[in-house]
Amino acid sequence: MSENETVVDAVVSTVTPDDTVEQAEEPIPCDNKEQEQPAVNGPLTDENTTANLSKRQRKKLLKLASWEEKKKAKRLKEREKYKLKKLEAIERGLPVRIGPSRKELKRRVIDYSQATIEIAVDLSFDSMMIDKDVAKCVKQLLRMYTLNRRAPRPVPLHFTGIVADGAVQRHLSRYDGYKHWDVKVSSSHFLDLFPRDRLVYLTSESENVLERLEPNDVYVIGGLVDHNQHKGHCYRLSQELGVRHARLPLAEHLVIKTRTILTINQVFEIMLHIHAGRDWQSTLLEVLPQRKGAVPKESLVSNDAEDTNQDIEKC
């Protein structure tokens, strides 16, 4: 055996199966921007590495390195917490898993036979969002797709108006296989895909209250994440296009102390529950974040009545 062969054998023998798995699980950058980013796990304190960086860049690198360490600890804590919950469920004889597994979802073919409505997301707002908000928008689309896959009564879902080579398309392309989702992705405007008389644009500024879902209607959700900078834009757009518009009955069922602005996926989740036969009030209370402090209107009325009766008794 030659000296070179001996060196190769020594190197191969040091690679364990665990090392192979770790290398395989390492994420591959999807674009050049991520490839050019300095490694946060490297020797950040090396003078040669940071000599040409500004104070702000060095501070950013240190912050990223700190975040990476915290993320690892957080993931480890989450795994331990999941294991404990699983053991407790087994001891109490409870089901370990709620809902289908990921493997089952991948094999599942969505059945739209019971769907009476369709939902479209208008994604023609590339120029009105900064890149950070576009990324948030696409994450909400991913959440919508997941909700629909797991729903007992899914609805046909459409992503419309995607600008070719635009920001939304660029962020979507970072998710491998998005073109194979059970979603109809199109660059066409929703008016080119559906008859005008079937469309209902959902906007919080509308004076029309959506009390029930009408069969065969297509409900359009504005895919605009702008932190209320373009307030009323979707409402004005629906009027300009001559499309019917409506708002969710939040004020009719709840008392909310904060703003009633909902995310794209929250609106979609509410529509899914209503389509499945749930009532508005319980659905809104379940989907709305607790920080909004939503309270059922009936409970407020009953509490006021009780306070009035107590005051009368005191008199």
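Positions of Cβ are set from backbone N, Cα and C atoms, glycine also.
Other C-beta atoms found within 10 angstroms of the C-beta of D226 (active site, proton acceptor) number 15, with every protein chain shown included. Residues annotated as active site, proton acceptor in TrEMBL: D226.
The C-beta environment of C234 (S-adenosyl-L-methionine binding site), restricted to residues of the same chain at least 6 apart in sequence and closer than 8 Å, consists of D122, Y201, L202, T203, E205, G222, L224. Feature annotation from TrEMBL assigns S-adenosyl-L-methionine binding site to L202, G222, C234, L248.
Annotation source TrEMBL lists compositional bias 'Acidic residues' at 304-315.
Per TrEMBL, domain 'SAM-dependent MTase TRM10-type' is recorded for 105-295.
Taken from TrEMBL, the feature region 'Disordered' applies to 1-56 (among others).
Annotation source TrEMBL lists region 'Disordered' at 296-315 (among others).
Excluding L202, G222, C234, L248, which define the S-adenosyl-L-methionine site, the same chain contributes Y201, T203, S204, S206, V220, I221, H245, R247, V267 within 8 Å (Cβ to the Cβ centroid), listed in sequence order.
Other Cβ atoms within 10 Å of the Cβ of L202 (S-adenosyl-L-methionine binding site) number 24 in total over all chains.
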